[in-house]
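Enquirer: From Swiss-Prot, here are the annotated features:
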- 26-95: domain 'BTB' (DOMAIN)
- 143-223: domain 'BACK' (DOMAIN)
- 305-352: repeat 'Kelch 1' (REPEAT)
- 353-399: repeat 'Kelch 2' (REPEAT)
- 415-464: repeat 'Kelch 3' (REPEAT)
Amino acid sequence: MDIENDIRNRRIIRNISNLLDDDILCDVIITIRDGEEIKAHKTILAAGSTYFKTMFTTPMIARDLVTRVNLQMFDKDAVKNIVQYLYNRHISSMNVIDVLKCADYLLIDDLVADCESYIKDYTNHDTCICMYHKLYEMIHIPIVKYIKRMLMSNIPTLITTDAFKKTVFEILFDIISTNDNVYLYREGYKVTILLKWLEHNYITEEQLLCILSCIDIQNLDKKSRLLLYSNKTINMYPSCIQFLIDNKQNRNIIPRQLCLVCHDTKYNVCNPCILVYNINTMEYSVISTIPNHIINYASAIVDNEIIIAGGYNFNNPSLNKVYKINIENKIHVELPPMIKNRCRFSLAVIDDTIYAIGGQNGTNVERTIECYTMGDDKWKLLPDMPIALSSYGMCVLDQYIYIIGGSTLYIDYTSVHAVNSIDMEEDTDTSNKVIRYDTVNNIWETLPNFWTGTIKPGVVSHEDDIYVVCDIKDEKNVKTCIFRYNTNTYNGWELVTTTESRLSALHTILHDNTIMMLHCYESYMLQDTFNVYTREWNHTCHQHSNSYIMHNILPIY
């Protein structure tokens, strides 16, 4: 009986399909391009299309003996294919994009799903830009969101392809202006995308102004800002220049809070502990504890996410693990490991690229430098430093990474309670060298030597100046000194100020034209500040409940 039903069903379907060829009892005429017409039946079209069903049941149209439908805006072969589909005919996949657009317009859900499945099988890293070009206006369809997600996640490599070079302005604007957190880019990388596209395409003044308005210029890193201001195309248009000038006022961005990377001596002395610190009230809250027993690691902030890299514990002389901690949701994610094991080193951040420089690898001191761009699957090595260094001071200014002082010999491992102190008189060779790495041209440069050899000095940049905070020994005692170097004049290092009270740990950060030095010890928070304009010191001591040993200070914007 079931076999007879199947035969009967196929016969009925075949009879309905044959109605299209018989050209009888037709009550709808579809006009397509070149003036061609397709005769069809309202009932059959309405059964498969919500669009046709709604149209044909409208009272005014329902009274018509023959209804005319204009679909000349679509590819005529696509329309023919869709009519064939509604009559249960086999259709070609040659023009699947055009069929999808027309099927979406006619609200034929089954055909849309079939087209999406076919396109998904065809779409990959190499074809996603081309596919998005054809479909970006249909972002409401799931397959288009899928293609966009693939494009956005692979942009670091796609911007070097011919397909990206030929991308139309609308696609570029769509990429840079997106505010969806799933594929939201950092401001600096938006600049990278824009400048790469401008190398191969013409853009009008109005279009460029629209793109620039999608970039948060004031919160742009210095390297990206420099590249943006010096671009020839941007400098062709007065309104774009004025837009950048208007947004240049706040060059030194003030952190709204600080992130303190510490060790909690009250619980587990080897676990890094992340605190958020209110600068004005001197109050803090613990947001995360990393479940890894490490000390002398490096830390940095990338787009308000904390990066913890390297370090060592008493089972491993040095590590290459890298972790990312989201400040808001406190989720820990493991990133690709560094190529080299490192401890007693620093992480520099320019745009969304992290640079791991020197440090100790076992009993060796490294000259190597490697970098990782957020979203990549691995680190890559860059040109070596002129000398091997660990426990140096470091800061970033524009496209340069400045390295001051450091140890050229292996430093023995210290207990967690002594993690901030290094005895410079025991088996250490301190450097007074000052070098910088040009991240645009990938070269190292030598600058005037520092006054003396120094280990772990505090280093910050302010406008065109580099400030170094360090301890200097004289015949009587040890003083905390601040030195300045102007990157425009190259006149060497100037002693700015000294203070008699030695700061036991020089964790420094720039905040509102002030060099701030924080130190947690036992149950006290010490906060010392020096204003670079007024040259005034301010010393504050605040008691708190927990015992922390501070490891680093990071800005939260």
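Cβ coordinates are placed from backbone N, Cα and C, and glycine is handled just like the others.
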Enquirer: For the domain 'BTB' (26-95), what are the DSSP-based totals of helix, strand and coil residues?
Expert: 32 helix, 12 strand, 26 coil
Enquirer: When secondary structure is assigned with DSSP, how many helix, strand and coil residues does the repeat 'Kelch 1' (305-352) contain?
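Expert: The breakdown for the repeat 'Kelch 1' (305-352) reads 0 helix, 23 strand, 25 coil.
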Enquirer: Quick one: average pLDDT across the domain 'BACK' (143-223), no decimals.
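Expert: Mean pLDDT for the domain 'BACK' (143-223): 83.
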